[in-house]
Structure formats: structure tokens, C-alpha cells
Amino acid sequence: MNIYDLIVLGAGTSGIYCASYGAMKGLSSLVIEMTDRIGGQPAHVYPFKKIYDFPTANGILAKDFVDQLYQQQKPYITQGLITYLHNTTIQEQNYLDDQQLFELKLSDNQHVKAKKIILATGNGGFEPIKLKDELIQDQNLDCIHYKINDLTQYQNKDLCFLGGGDSAVELINQLADLKIAKSLSIIHRNHKYRAAQALVDLINKKPINQYLDQTIELIKDNKISFKDNQSGESTQLNFDYLIVQYGLKPLKSLECFDHLEQDLNNNFVINHHHQTSDPNIYAIGLASNFSKRPNLILSGMYEATVAIKHINDTINPYLRATDYLLKE
């Protein structure tokens with residue numbers, strides 16, 4: 001049975017860097033990810049969204065940012081300090097007092113052991129909120145996209161976005177800037193967008209057909225019919241691709257950690273070391289969301305360093321490692 005210093009649950013940006021920083025300290029990590037790829041929401045939901053609020057990331061695409069995080073840790077993967085398991089969840093966890101180790105049963109029936117566990121699961125697993133089945137009739141579902149993986153497929157196509165949050169508005173702005181689509185339209189159920197005002201200001205300056213305060217009636221044969229909530233007037237648009245950005249809904253995947261103390265929002269309660277009510281289990285990122293916490297990629301990475309430093313000091317109490325560069 002494999003024994004690791006750390007089990008990192010969740011391979012979003014916080015979890016990826018958590019494993020990297022642990023490897024810098026010589027700690028071995030098994031990173032368990034319930035989906036088929038790493039990166040969390042930046043990879044799964046908005047890979048073509050640009051990141052500005054991270055040091056040195058001056059408009060880097062989210063997918064490229066995730067790739068850079070992975071490239072940083074590739075030497076540690078080669079050394080065997082970082083291992084990934086995809087499409088995997090933890091089914092059972094028990095703490096063996098005599099060995100001071102966790103024993104975990106995974107969804108593939110594999111058993112592993114670890115000294116510490118770090119929960120980096122964000123809001124838990126998630127999946128896109130999809131269109132209601134009754135709205136879709138005689139429609140090729142391949143033309144309905146809930147995430148964007150390849151922009152080239154939209155070359156000279158009629159695109160229609162559904163949604164009015166940051167993801168929908170920012171993505172359609174980017175496509176307008178790239179000038180690859182034949183036409184761009186956006187349909188939103190409310191009378192105003194739920195996106196940042198700076199993004200809304202941009203969309204109003206671009207050749208984008210906007211339909212606000214609308215109710216979707218039918219999607220059939222690459223046509224979408226919708227009704228104005230004020231006038232009752234119906235409209236029909238042709239599309240090549242329908243891009244749905246209604247947000248995400250959580251998937252419950254942490255049942256075996258329900259014994260840990262949680263707040264009213266189901267976030268794990270932590271101390272200043274990011275330990276949960278079980279001192280051998282840590283939580284970082286949105287899994288430990290607390291009042292006034294900045295919802296930034298940078299925040300999760302800082303929290304990873306706090307947790308890793310405490311774990312390393314606990315596992316290797318006589319190893320006096322520095323967390324800064326010494327001047328020569």
C-alpha cells in the first residue's frame with residue numbers, strides 16, 4: 001500500500017500549487033481529482049477567460065495559466081513526489097492512531113495511506129446548470145455547448161449565448177474582439193446583466209445582438225424562440241452553436257468529511273494554520289471560505305503555503321527550512 005505525506009483532495013489551482021509547494025519541501029503528495037483533468041473552474045468553465053488579478057499574469061488565458069502551474073511541477077512528478085489520480089473520489093477514511101496515518105478507500109477500490117489530508121475542493125465538485133429538457137426538441141445536442149474548449153470551431157458561425165453573468169459577458173466580449181464569429185447574440189432572462197460593469201460597458205460598444213428580460217420558449221432545429229417579458233413579443237434566431245452560461249451547481253463529494261466542523265455555509269471551520277476540527281486535516285481555498293476572504297486564485301495559493309509550512313514543521317520538526325531567499 002502506498003504511503004504519502006499528503007493527500008490533496010482537489011486539483012484546482014490551489015490544489016495544484018499545494019502539491020508543488022509541498023514537493024519543494026520534500027513532501028510527497030497524492031492529488032485526487034474527481035474529474036478527468038486538473039485546473040478546477042479555470043480549466044473546466046472558463047479556459048479562454050483572461051486572468052489579470054494574479055502577479056505577472058497580464059491577461060493570460062485561464063487554460064494557459066493552469067498549464068504553467070502544471071509545467072512548474074513536472075520535475076516533481078518525474079521524481080515521484082507528486083502523483084495524480086483522476087475520476088476518483090474518497091469513499092472512506094479512517095485514522096490509524098497506532099500508525100498516525102490515514103487509511104483511505106478510493107472509488108476505484110484502491111487503498112492508500114497518508115500522514116495529512118488537505119481539502120482543496122473549492123465549493124466541492126460541480127457541473128454546469130443545463131437547459132431544461134422540455135425546451136429542447138429535435139435539436140442536435142452537439143450544437144449546445146456548456147463550456148468552450150476550442151475557439152476555432154466557431155469560425156464564421158452564428159453564435160448565441162444564454163446567460164448574463166461574468167462568464168457569459170466576458171466570453172462574448174472576447175469572441176467579439178477576435179472577430180471570428182459570423183454573428184454574436186446574447187439572451188438573458190433579467191432586464192440587466194449580473195456581470196461587472198466594466199464588462200457590460202464593453203459589450204455595449206461591440207456588434208453584439210442583446211436580448212434582455214427574455215424567456216426561452218423552444219430550441220429546435222438550430223433555432224431558438226424566446227419571448228420578451230414586458231411586451232410579450234416573440235423572437236426567433238438561427239444559430240450554429242448555442243453557448244449556455246447559466247453557472248454551476250455543486251456535486252456532493254465530501255460525505256466522509258461531514259464529521260468536521262462546518263459553518264452555516266457548509267465551509268470547513270479552520271484555525272490560523274488552516275487546520276480543521278481534526279488537526280490532521282487541513283482546508284484551503286473556498287473549502288475554508290471565511291468572512292471577508294478575497295475570492296482570488298492568489299488567496300488559495302497563499303493558504304496552501306500556510307498549510308504546507310505547518311505540516312512540514314509538524315512532520316519534520318528538526319528540519320529548519322527557510323521560507324525566503326538568503327542574500328549571498
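Cβ atoms are placed via backbone N, Cα and C, with glycine included.
The FAD binding site annotation in Swiss-Prot covers Ser14, Glu33, Gln41, Tyr46, Ile90, Phe126. Around the Cβ of Ser14 (FAD binding site), a 10 Å sphere holds 29 further Cβ atoms from the protein chains shown.
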Ile90 (FAD binding site) falls, by three-state DSSP, under strand
Glu33 (FAD binding site) falls, by three-state DSSP, under coil
